[in-house]
Amino acid sequence: MIEFVYPHTQLVAGVDEVGRGPLVGAVVTAAVILDPARPIVGLNDSKKLSEKRRLALYDEIKEKALSWSLGRAEPHEIDELNILHATMLAMQRAVAGLHIAPEYVLIDGNRCPALPVPSMAVVKGDSRVAEISAASIIAKVTRDAEMAALDGIFPQYGFAQHKGYPTAFHLAALAEHGATEHHRRSFAPVKRALGLAS
């Protein structure tokens with residue numbers, strides 16, 4: 001793994017996304033600028049934390065961060081642009097939503113969207129960079145809550161459990177009930193359920 005060197009600037013934003021793989025709902029991104037004077041203990045990749053710990057850190061990040069923002073790309077944008085370009089758009093929206101302009105942006109993964117400030121992609125950044133860990137927590141808690149709300153409207157799909165990922169249960173529900181307006185119609189399992197697969 002390439003050695004990561006933290007940038008020598010004051011205002012560093014971390015950016016991460018949640019929801020590239022699911023068949024339903026938005027891809028949700030977050031951008032976070034942490035306050036060095038108010039450290040947050042226990043930041044890590046959101047997927048490695050218990051739900052209880054994630055929720056506690058979510059509240060602490062929102063309280064202590066200098067700035068945080070959400071960005072999203074909706075299913076119709078994912079279908080129009082493709083998931084990669086929609087994710088980049090959502091990241092741009094998250095950074096643009098920060099009320100303090102960052103001097104540098106660190107992004108989880110291996111590519112950066114076009115941004116008006118210097119940026120760097122950090123592979124496994126959600127485990128290596130506190131700002132990206134914080135962004136991953138904000139994005140995951142937000143998207144999980146959206147999936148729980150969608151589950152209340154469409155209980156037959158099990159969204160609260162699988163968060164929209166293509167589990168056997170979700171695929172069976174798609175086959176039985178068809179797709180909702182929240183499904184990503186460009187994704188192969190949804191296409192098949194709609195009879196659009198070639």
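Cβ atoms are placed via backbone N, Cα and C, with glycine included.
With Asp16, Glu17 listed by Swiss-Prot as binding divalent metal cation, the candidate from Asp59, Asp79, Asp108 annotated for that site turns out to be Asp108. For Glu17 (divalent metal cation binding site), the same-chain residues 6+ apart in sequence whose C-beta sits under 8 angstroms from its C-beta are Val27, Val28, Thr29, Thr87, Ala90, Met91, Asp108, Gly109, Ala139.
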